[in-house]
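Undergrad: Mind looking over this structure? Questions follow.
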Amino acid sequence: MKIIIGNDHSAVEMKNELVKFLEEMGHEVINVGTDGTESVDYPLFGQAVCKKVLENKNSLGIAICGTGIGISIACNKVKGIRAGLCSESFSARMTRKHNNANVLCLGARVTGIELAKDIVKTFIEEDFEGGRHQKRIDMLEEK
């Protein structure tokens, strides 16, 4: 699967670890994040992830900032994106299964790398359940 990953300055180390983890799992990874620790604006990197996800059908995105909150807000402003901020695997499973999220948001300052790997693996491996949940997704897409 193609995975788009992006991050701000607070998440360079986590992003690098996750890129390696994803590539070891056999995924193609497109890095649209910063590689430096100088302060940058997380909305730009969240939007970059979302743009690439929308351009690459059947891809998923991962967006990371310090807490995950800011970048998740930025991602959810993009039409066609359903971003879920997850701090444990159950939420990652449910955001895919019930919400058909196409972007996972993480907080590098609040989530350890091993937990982040578990969250990412769960998010990528879970499928959308459809059914009654599709109606709700359709409601989100209206306007």
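Backbone N, Cα and C atoms are what each Cβ position is placed from, and that goes for glycine too.
It should be emphasised that the depicted structure is a prediction, and the values quoted were computed from it without experimental measurement.
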Undergrad: Write down the one residue from ASN31, ASN99 that TrEMBL lists together with ASP8, HIS9, GLY66, THR67, GLY68, ILE69, GLY70, ARG109, ARG132, ARG136 as binding D-ribulose 5-phosphate.
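TA: Among ASN31, ASN99, only ASN99 appears alongside ASP8, HIS9, GLY66, THR67, GLY68, ILE69, GLY70, ARG109, ARG132, ARG136 as D-ribulose 5-phosphate-binding in TrEMBL.
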Undergrad: At the Cα level, what's the spacing in Å between GLY66 (D-ribulose 5-phosphate binding site) and HIS98 (active site, proton donor), rounded?
TA: 26
Undergrad: Looking only at C-alpha atoms, tell me how far HIS98 (active site, proton donor) is from GLY68 (D-ribulose 5-phosphate binding site), rounded to the nearest Å.
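TA: If we compare the Cα positions of HIS98 (active site, proton donor) and GLY68 (D-ribulose 5-phosphate binding site), the gap is 20 Å.
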Undergrad: Hey, what's the Cβ neighbour count for ASP8 (D-ribulose 5-phosphate binding site) at 10 Å?
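TA: There are 25 such Cβ atoms around ASP8 (D-ribulose 5-phosphate binding site).
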